[in-house]
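Participant: Just dropping this structure here.
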Protein chains: 2
Amino acid sequence: MTPVKIGILGLGTVGCGTVNVLARNGTDIAGRAGRGIEVVAAAARDIERERDCDTSGIRLTTDPGVVVDDPEVEVVVELMGGTETARDLVLRAIDAGKHVVTANKAMIALYGNEIFERAHARGVMVAFEAAVAGGIPIIKAIREGLAGNRIEWLAGIINGTGNFILTEMRDKGRDFEDVLAEAQSLGYAEADPTFDVEGIDAAHKLAILASIAFGIPLQFDRVAVEGISGITREDVSFAAELGYRIKHLGIARRMDNGYELRVHPTLIPERRLIANVDGVMNAVLVQGDAVGPTLYYGAGAGAEATASAVVADLVDVVRALTTDPENRVPHLAFQPDALSDHPVLAMEDVHTSFYLRLRTQDRPGVLADITRILGEHGISIEAILQREPDPQRGEATIIMLTHAVREGAMNEAITAVEALPHLLTPITRIRMEAL
Amino acid sequence: MTPVKIGILGLGTVGCGTVNVLARNGTDIAGRAGRGIEVVAAAARDIERERDCDTSGIRLTTDPGVVVDDPEVEVVVELMGGTETARDLVLRAIDAGKHVVTANKAMIALYGNEIFERAHARGVMVAFEAAVAGGIPIIKAIREGLAGNRIEWLAGIINGTGNFILTEMRDKGRDFEDVLAEAQSLGYAEADPTFDVEGIDAAHKLAILASIAFGIPLQFDRVAVEGISGITREDVSFAAELGYRIKHLGIARRMDNGYELRVHPTLIPERRLIANVDGVMNAVLVQGDAVGPTLYYGAGAGAEATASAVVADLVDVVRALTTDPENRVPHLAFQPDALSDHPVLAMEDVHTSFYLRLRTQDRPGVLADITRILGEHGISIEAILQREPDPQRGEATIIMLTHAVREGAMNEAITAVEALPHLLTPITRIRMEAL
């Protein structure tokens, strides 16, 4: 059979990684797919510069539209990033009846509903394994591997930069800003690290995971997002003392009255497998009603790890080229008419345990006042760790771990406690999950 | 669309689990597959007895052949276990043009080549996700999710009973026989535990994993197998002291001159994720050239965990019913004409590091004699742990960790050391992997 001809938009790290993997493993890939995969065209901002991949035999252009419109290109691989232009090009490919493979989590999170609707109407595939957790085949695992399950919840370390920073803070007792600067110099973090450290990148991915897990439309704007920039090395070390690690998790949970979609720093018992996922690695823990807990671990970024997912999607697309569109794996796991419109819960209605850190004046009765207020809001305390007070400064630090409570009640309690005259600084609160 | 009609052979734990999952999650499953899945017939040894599943509406028979031949049955789900009868029934289903889903690792490991060849010729699917690592979608992950990779090696904890025993031995300092008896009373281990503790069950699964990872035919008879019955709590505790855990691993590795296929107890550095997979849980670590290391974790057995994999296969089969057989995922990951005939290496040609435990007379010069012999065989030592000698008995215990060496050389060295007059018992040797 003749090879399937593809065009790549974007020859950056992942684009070049994809060219390299297709070249190096071409024989194995054809042995699996039943047909070869040939890159015939590619678009790049600068087609003159030296690259880490061999582009001989590939028609290069600076205009991605030329690749999309190239009559020889059967599958368009979008690896340019960004949202608006990428969306326009993907829709243009779909309208031309071409299949699409993309690694673009932001585009899928923001415009996926529109893109999949258009693709469904046109009978083409849009595959996006590389959009979440790099090379880990997590989309396929949830959408196909766990197809017999009602997914109850999932929790993932889905931003490698954030995990690298938290790991360094714990292992070496370093400060957030210090590690961030190093991550930037190592190339793990962007010059503008907002997407990584403020949780936006993780929220894009969580919106996608939740959609395929529960069969709900993509709802990025409903994800509650909190980053790691407020985590201090003090909190990391108190957590360790209590037997916990702080990880930045994306969590999606099915509740009777709706879905929880949230991204935030989280205390996890240190013996849990996911608490031991360190450095830039990613992992997603998925709880199905039949299978129980399953975990998927691997590199969440990097040229070839992401290319691994892109190529797996290409093989799937090649295999499904001749399939009746109605029998293909649905983009969002469920057939479009089977999507649920169950609501996403407000963060106030989410129940979790909490880690609280309070700085107070070192006076008799302070702890009694605090625990009384918490009690009045229905919050019960599981553990208290009181640091030796600092007599020089007349200050004490109190750490409390609470049992699960509605977040709205916790917010009210915190406001009331902070109104006490003895409180010196705002309360630090980090959510906890037993997983 | 009308539901796909299936027949189940075997209504034991997994059979009933499958009936229950299909009933409970029927709406979600149809929402994913695009069609419902209906159990119309089932065979069981005793159709009168009370079961943990609702069989109303299912035609029951004691003769599995009746289910296979039932003209209404489109997909045969083989969950009866055993090898010869199961094989005959599966071939009979294939010959009748029916698709097959099976959880039978022994049957696939022993007769898979014949079964897949027949299925390929007849244009039907035989799906076997449930045969390896229960509910973990590991077959799909390797065969499809990592399709862009050249798989370099994989290592798995793929027998839950063995892992439960080793975990208890470490956590509680218990003896092998003691924990085995408990595992039997808990129902984790069979009355005849040979398949679990001697590694045969793991070898069945490893043969399957190696086949889909490397694109080689199933070669169960070429797997080197060693069980855990020789592991003492002493070794578990020495390993811990040196920073290692002992796990029973199935390992498949691609080498220049062939493939390593081996199942044996293995020392793993304790900080590795897979070293922390405890109790009855399973995990498989897969190293691809593009993706790097990925790990898949979950329940390796149990009614509903295994049913989860069976149902995922059913959904795949339903989706592919109308696909041109040439475009389906190949049974063994690679197209039949792309399978490799690269050899499986003899165990003597495998290179690993070793843990050695020696009991010797407590005499000057003993250690010098031993290290001289090891040196003559090209074995270098990474660490030595000498226990305080027991003066009463005049004995010493020496633990050595070696660098990697060809197993043939190690075998010769051990024979030579054991010929020394000071050696009191045969040397205990356990392989090590850094992973």
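Glycine is treated like the rest: Cβ placed from N, Cα and C.
If you look up TrEMBL, you'll see A:LYS205 marked as active site, proton donor. Marked as NADP(+) binding site by TrEMBL: A:LEU9, A:GLY10, A:LEU11, A:GLY12, A:THR13, A:VAL14, A:GLY15, A:CYS16. Among the features that TrEMBL reports, NADPH binding site is placed at A:LYS105. What TrEMBL records for A:GLU190 is L-homoserine binding site. Sequence annotations record features per position, and here TrEMBL assigns domain 'ACT' to A:355-432.
Locate each feature and note its surroundings.
Facilitator: Taking the Cβ of A:LYS205 (active site, proton donor) as reference, residues of its chain lying under 8 Å away and at least six apart in sequence are, in sequence order, A:LYS105, A:ALA109, A:ALA131, A:VAL132, A:ALA133, A:GLY156, A:ILE158, A:ASN159, A:GLY250.
The secondary structure of A:GLY15 (NADP(+) binding site), as reduced to three states from DSSP, is helical.
All protein chains shown were included, and the count of other CB atoms within 10 Å of the CB of A:LYS105 (NADPH binding site) stands at 26.
Here the Cβ of A:GLU190 (L-homoserine binding site) has 14 other Cβ atoms within 10 Å, regardless of which shown protein chain they belong to.
Note on the domain 'ACT' (A:355-432): its mean pLDDT in the predicted model is 93.
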Participant: Judged by the number of other CB atoms within 10 angstroms, which among A:LEU11, A:VAL14, A:CYS16 is the least packed of the binding-site residues?
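Facilitator: Among the binding-site residues A:LEU11, A:VAL14, A:CYS16, the sparsest Cβ neighbourhood within 10 Å belongs to A:CYS16.
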Participant: Which of the listed binding-site residues (A:GLY10, A:GLY12, A:GLY15) has the least company, meaning the fewest other Cβ atoms within 10 Å of its Cβ?
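Facilitator: Relative to the other binding-site residues in A:GLY10, A:GLY12, A:GLY15, A:GLY12 has the fewest Cβ atoms within 10 Å.
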Participant: In this structure, which of the binding-site residues A:LEU9, A:THR13 has the fewest other Cβ atoms within 10 Å of its Cβ?
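Facilitator: Comparing Cβ neighbours within 10 Å for the binding-site residues A:LEU9, A:THR13, A:THR13 has the fewest.
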Participant: In which DSSP state, out of helix, strand and coil, do we find A:LYS105 (NADPH binding site)?
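Facilitator: A:LYS105 (NADPH binding site) sits in a helix per DSSP.
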